Each structure stands twice: as C-alpha cells, then as structure tokens.
Amino acid sequence: MAIVSSKSPDPAERRSQAKTKPSVSEPQDSLVRPQAAPEESQRPEDQIRPQRLADYIGQPELKDVLGIAIAAAKSRQESLDHLLLYGPPGLGKTTMALVLATEMGVQCRITTAPALERPRDIVGLLVNLQPGDVLFIDEIHRLPKVTEEILYPAMEDFRLDITIGKGQSARTRSITLQPFTLVGATTQIGALTSPLRDRFGLVQRLRFYEVEALTDIVQRTARLLNTPLDQAGAEEIAKRSRGTPRIANRLLRRVRDYAAVKAPGPITGAIAATALELYNVDPCGLDWTDRRLLSHLIENFGGGPVGLETLAAATGEDAQTVEEVYEPYLLQIGYLQRTPRGRVATPAAWRHLGYEPPQASGQLTLQQLLTEPET
C-alpha cells in the first residue's frame, strides 16, 4: 500500500500538483496535547502505525463495523463506501484510513481541508485517483464551500461537474472519475453541513482509550523502537496519556530519552514515573497549564462558578484555547463542570491539587447552578 501525502503549502507545488499546591514553575512545551507535533510525522522511527486491522489496538466496535464493510466490498469487488470518522484528536483516524487502504490493496492519498483552498486543488486529487483508492481528508469540517460542492457529485456519482468560462458563454463539462473511497476525519462533526455529512455511507465515532488498551499500544511501540519496557512501566505511561494513543507514544519517547541518559536498562514503573514528573505530567495526565487553570479557579474564585472569559483572563489564556484545548480533558475526568453560571471545580479537582473541598452547605445548589445564567 502506497501512502501519498498531498499538501499544497506554496503555489509552485500546486502547479506540479497542530494540600499540595500546584507547581508554579514555568512549563515546557506540553507533552499531553493531542495535536500532532511536526516531528511526529517526519522521523523514520516514528512510523509505528499498524498496517492491518488485526494489528489496530482498541476501538472494537469500529473494527467490527469496518471489518464487515471491507469483507463485503471485497466480495463484490467494489470500493468501500465513503467513511466519516469523528472524535477527539490523536485517537487514530488517520491510522484507520491507512489500514483501510492496506486491507483493500489500494493507495491512500492524504490531505487536509485547509490545503484545498481552490477548486483545482481537489480536482487535481480526484482525477488522479486509481480505482478503489482511498482519499483521506483531515479536518474535513474546514473545507471551503466551493470545494465541498465539487465533492457532492464526486461522492455520489463519481463525476466531476466543471464550469468553463463565465457569463453567457459558460458551459459545464462532466468528467467521469474512477470509483474511490473518501475518508473524512473531524473533531467537530456538528460543523459539517448536512449535504456533506449525508453523503457518507458510514459514520463512526472514535472514543477515548481505556488504560488497558493504551498499555498494549505502549508495549507494541516499545517493541518497534527496540526499547526494553516492563509491564509496570507501560501502565505508568498509559495512565498519564489522557486516553489518547498519540500522547502515549509521545510520552514513551520522552521516557525512553530519560532512561537512556539517567537510568540505562529496562524502563520500570518507577523510572517512567520519575521521568514524567520531570516533564510536568502528573499521575492523572495533567500538565502545568491544566493544574494552573484549576488552581486559579479554586484559589481566586472559590472553585466557581466563574465565566469562561473571566477564567481565561485570570490565567492569561485565550478563551477559545481554554474551551477547546484545556477543558475537554478536565471535563472528561470529572475535574471541571460547565454550568449556565460558569465553570466549577469539582471536589475531585480540589482533592487532586491538595485542597480541602468546601462543605456542601456553603455551596450553591445544583438547581441554582443549572438555572442561573453565566456571568
């Protein structure tokens, strides 16, 4: 299976075709953000993606659905139906597209929606697809409207309708395409338009991973990187990985670096814990910024409720960054609540940071939190 990455960063390329108080020390670049770092798609040793569906760890329901789809498509000698994968970043959407291409014995062309700025960008990709090829578009919710409209007949009828000329002299030309499979990936399925979403025959959600599955992923990656790692070490890394394989593999590489310099030999649970504490990743997967946000909420606002804009200003972060980058995991693990009146730190968050949760009698009732507007 050949992988073809299609990016159009410059015009020349187009023409040829992201009570113990929390530490207040300044953070390093976060290791627990799910967005891919640039080097993670460039270094040869990081090409650790599974190639077959049987090697893909986790997401059992998704694997069952796609296994049936692959077998059915092969039996009919057809291309797979178009597939939309959605869920938080770092859970394996790109990897699954590559696995599908391998299972079907075809090429996978990879691009992102922001790279498809002009109609000719998507047209160039579509006309060069071979029968059955997989076209993977990441961040598909960011497709320009004109590009999206070109995809409609391409997805439904494997046909391109191109308008040539302008005004009264304009005419439409249809180009027949080879049957292909479009795999779209998005973290914001609600941002997709209905006409585009309805053209996908399969719509599947990827969920956060359990510690057991992440432990298996860490052990597999360690074997591929020739890194000795015991069960306790793998579990220590897995439980700090925020349910995300991309983060698990990133933490493994940092622990491997630490062990190579400070503790040669197999990576144990103690070595992994020491290394990750050095990188400001605590046992729950929180980094410096996560702890600072919760600490501000507790120390400055009594645990809340407090409005998003106010909390963002107090922490020196942009409100959108707080809402889209930091809050999702805090909500997932039950350390933060969103209410109509604002953000509230849960008792679990108080205890995690070493504070004593306030008595319930001194807090607003749940009914008040759910009915009063955010300030």
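The chain as shown is numbered from 1 upward.
Every residue gets a Cβ built from N, Cα and C, even glycine.
The model shown is predicted, which means the values in this text are computed figures rather than measured ones.
Here Swiss-Prot flags 1-50 as region 'Disordered'. According to Swiss-Prot, the region 'Large ATPase domain (RuvB-L)' annotation covers 13-209, on the basis of sequence analysis. Sequence annotations record features per position, and here Swiss-Prot assigns compositional bias 'Polar residues' to 19-28. Look at Swiss-Prot and you will find 40-49 tagged as compositional bias 'Basic and acidic residues'. Swiss-Prot lists Ile48, Arg49, Gly90, Lys93, Thr94, Thr95, Glu156, Asp157, Phe158, Arg199, Tyr209, Arg246 with the feature ATP binding site, giving sequence analysis as the kind of evidence. Per Swiss-Prot, the feature Mg(2+) binding site maps to Thr94. Residues or ranges marked as region 'Small ATPAse domain (RuvB-S)' in Swiss-Prot: 210-280. The annotation region 'Head domain (RuvB-H)' is assigned in Swiss-Prot to 283-375 on the grounds of sequence analysis. Annotation source Swiss-Prot lists DNA binding site at Arg338, Arg343, citing sequence analysis.
Locations of recorded Swiss-Prot features on the structure.
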residue	record	Cβ within 10 Å
Ile48	ATP binding site	17
Gly90	ATP binding site	26
Thr94	ATP binding site	20
Glu156	ATP binding site	10
Phe158	ATP binding site	16
Tyr209	ATP binding site	25
Arg338	DNA binding site	16
Arg343	DNA binding site	26
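The predicted model assigns the region 'Large ATPase domain (RuvB-L)' (13-209) a mean pLDDT of 83. A straight line from the CA of Arg338 (DNA binding site) to the CA of Gly90 (ATP binding site) spans 24 Å. A coil conformation is recorded for Gly90 (ATP binding site) in the three-state DSSP classification, outside any helix or strand.
Across the fold, the C-alpha of Gly90 (ATP binding site) and the C-alpha of Arg343 (DNA binding site) stand 26 Å from each other.
Tyr209 (ATP binding site) sits 26 Å from Arg343 (DNA binding site), taking the Cα positions as reference. Spacing of Phe158 (ATP binding site) relative to Arg343 (DNA binding site) is 48 Å (Cα to Cα, whole number). Cα spacing between Arg343 (DNA binding site) and Thr94 (ATP binding site): 33 Å, rounded to the nearest whole number. DSSP assigns Glu156 (ATP binding site) to a helix.
Put simply, the two farthest-apart Cα atoms among Ile48, Arg49, Gly90, Lys93, Thr94, Thr95, Glu156, Asp157, Phe158, Arg199, Tyr209, Arg246, the recorded binders of ATP, are 37 Å from each other.
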